[in-house]
Amino acid sequence: GLETIAPLVRSVEETPEPISTEVQGTIPSWIHGNLLRNGPGKFEFGNRHYNHWFDGMAMLHQFRISEGRVTYMSRFLHSDVYKKNSEQDRIVMSEFGTLALPDPCKNVFQRFLSRFEMIEPTDNASVNFVKYKGDYYVSTETNFMHRVDPENLETLEKVDWSKFVAVNGATAHPHYDPDGTSYNMGNSYGRKGALYNIIRVPPEKSEATETLHGAKVLCSIVPQHKSRPSYYHSFAMSENYVVFIEQPIKMDLLKIVTCRLRGRALCEGIYWDGGQDTVFHLVSKHTGEVSTVKYHTKAFATFHQINAFEEDGFLMIDLCCSDNGQAINNYLIQNLRKSGEALDEVYNSTGRAFPRRFVLPLHVTSQTAAGHNLNTRETCVKTDKDTVFCQHEDLHGDDLLEFGGLEFPQINYGRCNTKPYRYFYGCGFRHLVGDSLLKMDLKDKTFKLQRPAGALRWTPVTLVFTPHSRQRVVGCLQKRLLTSTDDLCLFRQVLDGRLPELGRANVPVNMPYGFHGIYEA
């Protein structure tokens with residue numbers, strides 16, 4: 001059976017001052033920069049514990065690489081929820097999978113009335129590091145972010161999206177144009193139901209104190225079901241289009257707004273409806289116009305896109321897809337701490353994600369004949385006036401099945417985003433967390449493998465460092481399962497696609513398993 005990964009989801013102490021790491025091999029002296037990571041690092045307060053992996057308090061990590069050496073530091077994000085929980089030594093605010101108990105200092109009547117209040121959105125920004133107008137923020141999927149100092153990881157300022165644009169939240173995966181213009185997506189909720197909104201943030205500040213000033217809603221998209229909009233973790237972007245993927249992971253808004261009244265966690269309002277199609281919506285980045293053509297395909301779930309680009313009148317969208325969208329609810333902390341057959345059962349019920357390509361014809365008009373294939377790569381047929389049904393192309397061979405599929409894909413974003421490309425990286429998933437590093441070659445749909453020996457796991461953060469001369473170096477983190485410590489590993493990309501290891505820096509303190517991060521030279 002699968003080995004336990006319980007050490008990866010336990011609370012750890014922060015390391016607020018930089019410490020040295022033990023370097024094995026060689027860290028190239030020309031690499032100078034910070035690897036910044038984010039993820040949950042504290043799972044209980046007092047005698048109360050969180051239920052879901054996504055609930056843990058955000059811990060920020062910095063690996064500083066300079067002159068062949070690496071230092072490490074970490075700090076808890078000083079969010080409002082972290083400070084309140086710490087002051088009262090209990091879980092004060094509800095999170096995705098945990099419903100906070102009423103304040104014990106209130107009387108019985110006050111506690112009863114509190115059941116009729118809406119859950120306050122959390123500012124526990126534990127998902128990713130992002131940039132807007134040159135500043136660093138940590139983000140989750142509510143309307144709150146925190147501006148942070150990348151040099152010392154101090155929490156600087158809480159920023160509310162809803163003060164600048166009419167949204168109730170935004171993703172932790174924005175996209176960027178070469179000039180620094182940022183794009184994101186967020187939902188808004190009103191009496192008539194939900195809307196999906198495309199957000200654009202200008203690249204520069206007019207004043208030094210600005211945050212999201214100048215942000216605008218580029219357009220709004222009406223859900224297929226206004227009271228049951230889709231959940232989405234990210235979106236795709238090509239040179240000229242934002243692509244929103246409306247998937248059948250649904251949010252039951254009635255259940256969500258009444259979760260406190262019913263004594264249920266927010267996550268119980270999210271469900272998989274495999275009988276619904278997945279729909280691609282195309283939005284012009286220049287005009288904000290939403291294409292009247294909707295591109296349907298059979299139901300799949302996606303959390304992370306790989307890349308999107310335009311070529312010969314088609315829009316290529318590459319993404320990691322699963323035919324089962326129930327994975328979110330499997331990542332309860334009690335599941336991640338299981339062992340033996342119980343852990344195997346959780347893993348076997350979790351859908352696997354595989355890289356796929358959808359090729360969408362851009363020039364579909366009222367004159368386009370129905371029932372004919374519009375795509376020479378994969379079947380793509382106009383089924384009625386404004387609907388095209390698309391089949392996907394697998395971007396892998398059968399050998400990827402052995403490694404549990406692939407997730408957390410990364411490209412060299414600055415060089416390849418919105419452009420044709422050949423390689424991307426990701427984690428193989430023969431466990432509930434990544435256990436191997438894969439380099440995918442789209443030319444022949446093969447991959448190169450880095451699989452650690454013994455009780456080691458790859459974290460989901462895989463980063464392509466800035467090229468120097470003729471060398472390209474890939475950096476990622478490797479988790480030592482038994483001690484919950486990490487190695488920062490550097491690999492040299494060579495012409496035959498292999499990834500020989502250059503060196504690694506062992507961090508001598510416990511670290512939790514994180515979600516996402518960025519590298520900045």
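Positions of Cβ are set from backbone N, Cα and C atoms, glycine also.
According to TrEMBL, the features are:
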| type | residues | note |
| --- | --- | --- |
| BINDING | H173, H233, H304, H516 | Fe cation binding site |
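Secondary structure at H304 (Fe cation binding site), taken from DSSP and collapsed to helix, strand or coil, is strand.
Around H304 (Fe cation binding site), the same-chain residues six or more apart in sequence whose CB sits under 8 Å from its CB are H173, H233, S234, L319, C320, E407, F408, P409, listed in sequence order. Of all Cβ atoms in the protein chains displayed, 23 besides its own lie within 10 Å of the Cβ of H516 (Fe cation binding site). Same-chain neighbours of the Fe cation site beyond H173, H233, H304, H516, judged by a C-beta within 8 angstroms of the site's C-beta center, are, in sequence order, V127, N128, T171, A172, S234, F303.
DSSP assigns H516 (Fe cation binding site) to a strand.
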